[in-house]
Amino acid sequence: MEWQLQQLAAVYVHPVLLPATAWLRAGAARPHHNIPRGIGPSVGLQQTAPLEGLSAPGMLPALNDLGTVRAVDVGSQLFGFTGPGWVALKNCLWRPLFHATDNDVGTYGKVSYFFSDDPDRFSLDKDTGVILLMARLDFETTQRYTLTVIARDGGGEETTGRVRINVLDVNDNIPTFQKEAYLGALRENEPSVTQVVRLRASDEDSPPNNQITYSITQASAFRNYFDIAVSEGYGVISVNHPLDYEQVANGVIYLTVMAKDAGNPPLNSTVPVTIEVFDENDNPPTFSKPSYIITVMEDIMAGATVLFLNATDMDRSREYGQESIIYSLEGSSHFRINARSGEITTTSLLDREAKSEYILIVRAVDGGVGHHQKTGIAMVNITLLDINDNYPTWKDEPYFINLVEMTPPNSDVTTVVAIDPDLGENGTVVYSIRPPNKFYSLNSTTGKIRTTGVLLDRENPNAQEAQLMRRIVVSVTDCGRPPLRATSSATVFVNLLDLNDNDPTFQNLPFTAEIAEGLPAGSSVFQVVSIDLDEGPNGQVTYRMQVGMPRMDFLINSTSGLVISTAVLDRERIAEYYLRVVASDAGMPSKSSTSTLTVKVLDVNDESPTFFPAVYNVSLPENVARDFKVVRLNCTDADVGLNAELSYFITGGNQDGKFSVGFRDGVVRTVVSLDRETVASYTLILEAIDNGPTGNRRTGTATVYVTILDVNDNRPIFLQSSYEVSVPEDIPAASSIVQARGSLPPGPLGGRRGSPALWAPAPWL
């Protein structure tokens, strides 16, 4: 017995019991095929719509077409069935599905139904013979089920029959793509009708339900650029216009492709298709401007950022676009560029005074290779702004100039020049004379030096003023903020040229020169020195003696000024000379000076002391007191000084030391009392010695005769000291007792008692 079961559509509802003459009904679209009505003995299948897709309990598909199932002869036993039947899923039936008859009656005629095996999708009501559908049917899994049914009566008799159930297909499978997503790729600018991607969907339904058509339902961009067609069972996506990568967001186009089957109603499914557009290097890097003009301070640090350059490449891929750009720089080693970021930085310290402007060529190349690589070029003009970082420097320092003394006021001397390579006020210099100099003035702007009204005298004896006249110290400062002063001053050395404005000046005249007498002719007397503060011929001095001198015992060398004697000099003849010396320069006209040289002839010990008179006669009484001045000697020495300084000595006739002579004054004096009775006269030898040099002292001699005059200075002297006599006691008066004898010292009176001593002083005492 075959059963033809109608497959349900895709709308599911809870099953309901229907009369035997109706199928389950759903509220969805009606199927296009019916199961034929009626029962007949024929064996075979009715060509009807399938009953695929009956749901498991609680999920029965609703049927909206009617149909009956015929009982057919299967095997050896023919079961008869009457009336329309029910097919049920769990509590939902088709009945009567089939019915077995037993001609017995009573208990023996009651038939019970059983499956010979235990099918997993069907169950059998043993009393009614209703076959119950227990699970969903799937045409694509099993198209036919064969069930063996046992009918057993109450007497234990049984028979076997087969039920063949054909599952008819319904459009219950949606088309299924082979992949969950598809990826296609093409390069921009590809020509039209280029295949991009092939995709395929399958439908497990049977024809015509599994006949699939493809369509593009959605595109993220350029929908009209894509077509899809079926070729060899594949859906082939192609482009009909070249694409521009730069107009495609992120280089990717997202398509949604739908596969739709031919069922009624048709089922469909969609799949995402990602079309990756590959960039062609068709755009060069482009800078925002062809050239950049910037300024930076010249004291910018090494490594500091100067400029960020950003080239734009309309290509949007990493390979050729913005991220592929490599920057390079040429034009100066003082700058470098970051190859990726385009940041231009300094590599070292800059100096505007060395170079004020840099022109750099910056290249941006993309990721192309060989002739496909594209390049953008920009010029960067960097101008350095000045700061006051340079000290003024002297151009020709030191300065050496010639200037005639006595130059009039406000005459040009020279111009000093200092250079400051900075710009503007930073490079503007101001000059000043430091320390101040009263002889010169300075223009603070031009550096021109002029004379003032103070006289320039090359021969100025003031050392400080002479230095100021010959040395001008100039300082220079720029006008920057803060101002910078030159590290050193400039010195202007002034060579004052001479005028013959000075007379020769004797340096050692007037002077008294001394020369010893007796030197031979030609002996040097004195070196005359004269200075003329002028120079050259103006300061060249010659010497001469003034004409008309009364005695020419001297001669002067005209060049050296050496004075020499022309004769042997005798001090005792001329002790002093007065020489007039004339010093003249060689200027035009000549200037001269005159001065006096006094030549003093020095004494030598060439003269002996001379007494006058040479013999002295002196008489003096013997009773003169001690230290009595006997005589003053008169002695002279024609020499002078020590040579004429005399010393006196008694060299003879003073054996008893009665006399002395003054060492310096030449006065002869008594030392002790004189005694005529002992020595009546003296002959004294006196010597005068000068104080000349030792070994060359000279002496003179004089004789002094001294006569001692007697005075009564002696008593009579008894011949014996005592006398002893014996006389009688009665000797008469006036008798001679004894005779005493006495004597007097010898003298001029012949020793007579009481003889007076006569004397008279010498006339020179």
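Each residue, glycine too, has its Cβ placed from N, Cα and C.
Taken from TrEMBL, the feature domain 'Cadherin' covers 100-177 (among others).
Look at TrEMBL and you will find 178-287 (among others) tagged as domain 'Cadherin'.
Residues or ranges marked as domain 'Cadherin' by TrEMBL: 288-400 (among others). Secondary structure of the domain 'Cadherin' (288-400) per DSSP, as helix, strand and coil residue counts: 6 helix, 50 strand, 57 coil.
What TrEMBL lists as domain 'Cadherin' is 395-506 (among others).
Note: the domain 'Cadherin' (507-611) comprises 4 helix, 47 strand, 54 coil (DSSP; helix = H, G, I, strand = E, B). Here TrEMBL flags 507-611 (among others) as domain 'Cadherin'.
According to TrEMBL, the feature domain 'Cadherin' maps to 612-718 (among others). Taking the domain 'Cadherin' (612-718) as a whole, pLDDT averages 92 in the prediction.
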Helix, strand, coil: count each for the residues of the domain 'Cadherin' (100-177), based on DSSP.
-> 4 helix, 31 strand, 43 coil
Using DSSP, break the domain 'Cadherin' (178-287) down into helix, strand and coil residues and give each count.
-> 9 helix, 56 strand, 45 coil
